[in-house]
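K.L.:
First the structure, then my questions, so here it is.
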Amino acid sequence: MKVLGIESSCDETGVAVYDTELSGVPALRAHAVYSQIALHAEYGGVVPELASRDHVRKLLPLIRQTLGEAGLRIDELDGVAYTAGPGLVGALLVGAGVARSLAWALDVPAIGVHHMEGHLLAPLMEDDPPQAPFVALLVSGGHTQLVSVKALGSYQVLGETLDDAAGEAFDKTAKMMGLPYPGGPQLAALAETGTPGRYKFARPMTDRPGLDFSFSGLKTQVLLAWRSSDQSDTTRADIARGFEDAVVDTLAIKCLRALDAAGCDTLVVAGGVGANKRLRARLQEAAQRRGGRVCFPRPALCTDNGAMIAFAGALRLQAGEHADAAVHVTPRWDMAALPPLAAQESGVGNRE
């Protein structure tokens, strides 16, 4: 089954083709992402109306490009998957409208995919994919969640952020210290040159039971440290390192607690912050110490992309699901409300 995936939930236009007749890395026949960073940079954040208009401009050319790279004609597709939520309503409607129109014209099924389920399942596209049950850390600019995955499609949220998401905290902290948009990756790069331990910030909510997160207080700590400093380049790097270490430690501590609570030893990490080098190293070290395993998607599939939507959509289409002809999107959508996935013959992601 060859499935076209379309991602348009925010400021990336992503398109991919996933082929269920293949497995591992080769099953992703082609994927392409267009980022709107340059468009939104002068505003210091995403402008929803501009995002929607840019998706309109870029989506069809990107579909043609991706099909060409996959070596496929459009009439060789067997299904179309699109992000139906959560996200910016206008941006979601662009992708959903194009996907539904293509599916109708080609007489193939379409399926709306939960954006965060796409992220959660992205590591399953790699060689030697993780098998459920496992715990997933979904960590991005808009979400920070710990999810117990008993089987594919069966999700229980164990903990989540009470205020800022981790990626959002990275971006806002970077902006406080004068780094250009988007600040998160810039701050992480700057932290590489910082001196460890010169600035030590709190590890929020790790001194009490529970699996929820809070990063607003940490952000305030950093702001006060920055304002009272000499604001030199060296100090900026040292504060960035202290902030990143605090976030990474907090995420790692909560992940280990979640594994204990769920009674399993496999951790899946996905979302844009999952590409952070220090977070990857810290979680791999922690997993090795407890004799467990941590699984990440390749860095290119950590940020928003069409590949994860094509893959998640393919699994649900194979299970017999499909969307009706109407164009529906859900800007706010609880992943725990998703229907469980029927067991696949391939056994992808589920232990026997």
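The backbone N, Cα and C atoms fix where each Cβ goes, glycine too.
Found this in Swiss-Prot, in case it helps:
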| type | residues | note |
| --- | --- | --- |
| BINDING | His115, His119, Asp304 | Fe cation binding site |
| BINDING | Leu138, Val139, Ser140, Gly141, Gly142, Asp171, Gly184, Asn276 | substrate binding site |
K.L.:
Taking just the CA atoms, what is the gap between Ser140 (substrate binding site) and Asp304 (Fe cation binding site) in Å?
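P.N.:
Distance (Cα to Cα, whole Å): 9 Å.
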K.L.:
If I take the alpha carbons of His119 (Fe cation binding site) and Leu138 (substrate binding site), what is the distance between them in whole Å?
P.N.:
7
K.L.:
Check each residue in the chain of Gly184 (substrate binding site) that is at least six apart in sequence and keep those whose C-beta is under 8 Å from its C-beta; list them in sequence order.
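P.N.:
Set apart from Gly184 (substrate binding site) by at least 6 residues yet with Cβ under 8 Å, we have Gly141, Gly167, Phe170, Asp171, Ala174, Gly272, Val273.
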K.L.:
For the recorded Fe cation site formed by His115, His119, Asp304, name the remaining residues of the chain with Cβ within 8 Å of the site's Cβ center, in chain order.
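P.N.:
Once His115, His119, Asp304 are set aside, the remaining close residues are Glu7, Ser9, Thr83, Met116, Gly118, Ser140, Gly271, Asn305, Met308, Ile309.
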K.L.:
Can you tell me the CA-to-CA distance separating Asp304 (Fe cation binding site) and Gly142 (substrate binding site), as a whole number of Å?
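P.N.:
Between the alpha carbons of Asp304 (Fe cation binding site) and Gly142 (substrate binding site) there are 11 Å.
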K.L.:
Taking only the Cα atoms, work out how far Val139 (substrate binding site) lies from His115 (Fe cation binding site), in Å, as a whole number.
P.N.:
13
K.L.:
Cα distance, His115 (Fe cation binding site) to Leu138 (substrate binding site), nearest Å?
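P.N.:
Leu138 (substrate binding site) and His115 (Fe cation binding site) have their Cα atoms 11 Å apart.
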K.L.:
Find, among the binding-site residues listed as Asp171, Asp304, the one whose Cβ has the highest number of other Cβ atoms within 10 Å in the structure shown.
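P.N.:
Result of the Cβ crowding comparison: Asp304.
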